[in-house]
Amino acid sequence: MLLFYRNLKHTRKLVEIHRFRNSSGSCNLFNSKGIYSSSRNFCSGGKSPNTDEWTEDVQYLDESGHIIYSGKGIRSVEPGLDDHIMVGGLKKPILNASAVAKLVEIVKRWKWGPDMETQLDKLQFIPNMTHIMQALKVMEDSDASLSLFRWAKRQPWYKPSDVCYITLFDKLNQSRDFDGIQSVFDDMVLDSGENGASLFNAYNRVIQYLAKAEKFEVAFCCFKKIQESGCIVDTGTYNSLITVFLNNGLPYKAFEIYENMEKAGCSLDASSYELMIPTLAKSGRLDAAFKLFQQMKVSNFRPGFGIFAALVDSMGKAGRLDTSLKVYTEMQGFGLRPSATMFVSLIESFVKAGKLDTALRLWDEMKKSGFRPNYGLYTMIVESHAKSGKLDIAMSVFSDMEKAGFLPTPSTYASLLEMHSASGNVDAAMKLYNSMTNADLRPGLSTYTALLTLLAKKKLLDVSAKILLEMKAMGYSVDVNASDVLMVYIKDGSVDLALRWLRFMGSSAIRTNNFIIRQLFESCMKSGLYEQSKPLLETYVNSAAKVDLILYTSILAHLVRCQDENNERHLMSILSATRHKAHAFMCGLFTGPEQRKQSVLSFVREFFQGIDYELEEGASRYFVNVLLNYLVLMGQINRARCVWKVAYENKLFPKAIVFDQHIAWSLDVRNLSVGAALIAVLHTLHRFRKRMLYYGVVPRRIKLVTGPTLKIVVAQMLSSVESPFEVSKVVLRAPGDAVMDWFKKPIVQQFLLNEIPSRADILMHKLNILFPSSAPEIRSLSPPKPRVAGKAL
């Protein structure tokens, strides 16, 4: 029996001859519907009806009649021999559709595992990558697709295919199997490296799928692997990565991707521009953001409002106001309307930069656009104009603010009040202060300070006292503010007001510090208010403050100048109230040797040995100058000589006397007071005489450097004994021989040893005018310089 059949499902045509030795054998190649069935039952009738096995040989013939196989049952398929069908006498390959259908049938039935792979290995034809790709497209199950793909990878005919990988990634993405995508991606990287295949599209598809699924860590890892493999990344992939990183708050990763994108010569798409530019601007990379903004316009993309808003805000905050204003103007050219937030940002930027005119112009534009300025913007405009001194504009906006229903803050009141105070507008400042207190707003410390300073400068003591008591009632500590007002009166020379204010402070239990008490004491001394000065000094001393040598000397200087007997008594009382050791020295200096129990020179040396010259060198020099003035005025020349001698021994005036061998001897008295200069000249000329007469040393010349003012006093004193010294601009000079002859006169010896001529003729003649402007009586507030040289020795 010869039987031809065609299996419509498997697309295979066979010619089979079945020879049966048992006539009762059956052959069921077709089912009840007439369709070929894959099950065949050829069995003997003598056997059990349940037996399903072949009992006779089956011979397989080719078209020429030759036997190609003989045996029991279906013969095994040999790929390559059965991969065709006969059309007449022609061999034609099995159709791709049939091959794909067979692959799909096997995979759908067996799903995965060894059974499926065994069935695939028994295919009567050798599949190729086209069959695999088409089968993957047909199948919907991602696991089955992955199983077929892995089986195909192990076959010798396998070749990596971009389309095949893309199809597989599409299936895995549809089923959200991202672990499978990552696994296939790793296989793809190996395929690309081993076979050198170009898988450009598949690479990019993987990253895009991972990026859209917000698997940014995996996406970035895959991106790095692609770069390491040398594959090119397309624009869409770059944009997907940038988008996912920006959306997940990782701008720096996005910037890294963007830098790689620039190197690759790719450009952003519209959505990436919309994300990238604001992110760059907000992160401070303004140049990069503005460059992208320009590129976006060149690429014919229309920037959205978000880009303009981000650039305007970021450029303004960075101080790049011209660029910010340019972008703002360009946005209006695109037909976009500024928002209230943009106006606020622009105005804030220009206000902080001090460009108030532009800020005010934008302020007007904002109101014309129908936006109502908010509370913070009103406050900023008012305070900025107030602090810049534009009080008219500030008060105008302040009035608008109140009309708009906004209650000004204490800081707004403070800025206006402080600027009115600085401008000296007492009425406006007090009006604002009263408005502030009526609104139950608590003025700040700076507001009170500015107002009190203004009232003090205007000498409105009663109003100042009222404000200070209100400040105290508010719970502020007013000691510092009260002291500041007192200092204003002192510096202004209003001693009477200062004394009144001090009495008010005492009655209100408000304390001040010792520094201000001392300043007020010195101001009273300068004004000749000696009677009021003593209580201040007693307060200063009783508060454990120490009267230093400078303060004592300044009081002594007032005594030197005093010509009123009653004031002298007050000054002596003030000197006694200082309790300074210098006063005990002064008292001992004018007592007799019986009471001192030592000579004047020893007594003076003992006092100067107790001075710390590292701390009080300048004060000691000041004290010596004033003391010598006083002693000369009192006619105590010998005592004055002792003081000068000890002062010179202690190097308080180290450069006063200079011996230049036989050339020139000189005395410099430019930095001395009048009395000190006269005593120094007498004492030094006496030393010169002793050295010249006793030792026979005669210099070429002798100079007395006096300066322009002391020159008159010294010249008058020496002219009374016919001295050879010639007067020039600032120096008295004479040849050494002439001075030698002058020293030999008996009147000169008496003059140098005893006393100077009448003090009424020399010292008391316009004493206040003769004192040089650089004289030590003019007290310096700068601390004395330490004796570096003495310390080093």
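The backbone N, Cα and C atoms fix where each Cβ goes, and this holds for glycine too.
What TrEMBL annotates here:
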{"type": "REPEAT", "residues": "234-268", "note": "repeat 'PPR'"}
{"type": "REPEAT", "residues": "269-303", "note": "repeat 'PPR'"}
{"type": "REPEAT", "residues": "304-338", "note": "repeat 'PPR'"}
{"type": "REPEAT", "residues": "339-373", "note": "repeat 'PPR'"}
{"type": "REPEAT", "residues": "374-408", "note": "repeat 'PPR'"}
{"type": "REPEAT", "residues": "409-443", "note": "repeat 'PPR'"}
{"type": "DOMAIN", "residues": "667-743", "note": "domain 'Smr'"}
Cβ contacts under 8 Å made by the repeat 'PPR' (409-443) with residues that lie 6+ beyond its boundaries: 379, 382-383, 386-387, 389, 391, 394-395, 398, 401, 450-451, 453-455, 457-458, 460, 463, 467, 470-471, 474
Residues of the repeat 'PPR' (269-303) by DSSP state, where helix covers H, G and I: 26 helix, 0 strand, 9 coil
Positions whose Cβ lies under 8 angstroms from the repeat 'PPR' (339-373), at least six residues beyond its ends: 305, 308-309, 312-313, 316-317, 319, 321, 324-325, 328, 380-381, 384-385, 388, 390, 393, 404
Counts of helix, strand and coil residues, the repeat 'PPR' (409-443), according to DSSP: 27 helix, 0 strand, 8 coil
Helix, strand and coil totals (DSSP H, G, I; E, B; other) for the domain 'Smr' (667-743): 43 helix, 14 strand, 20 coil
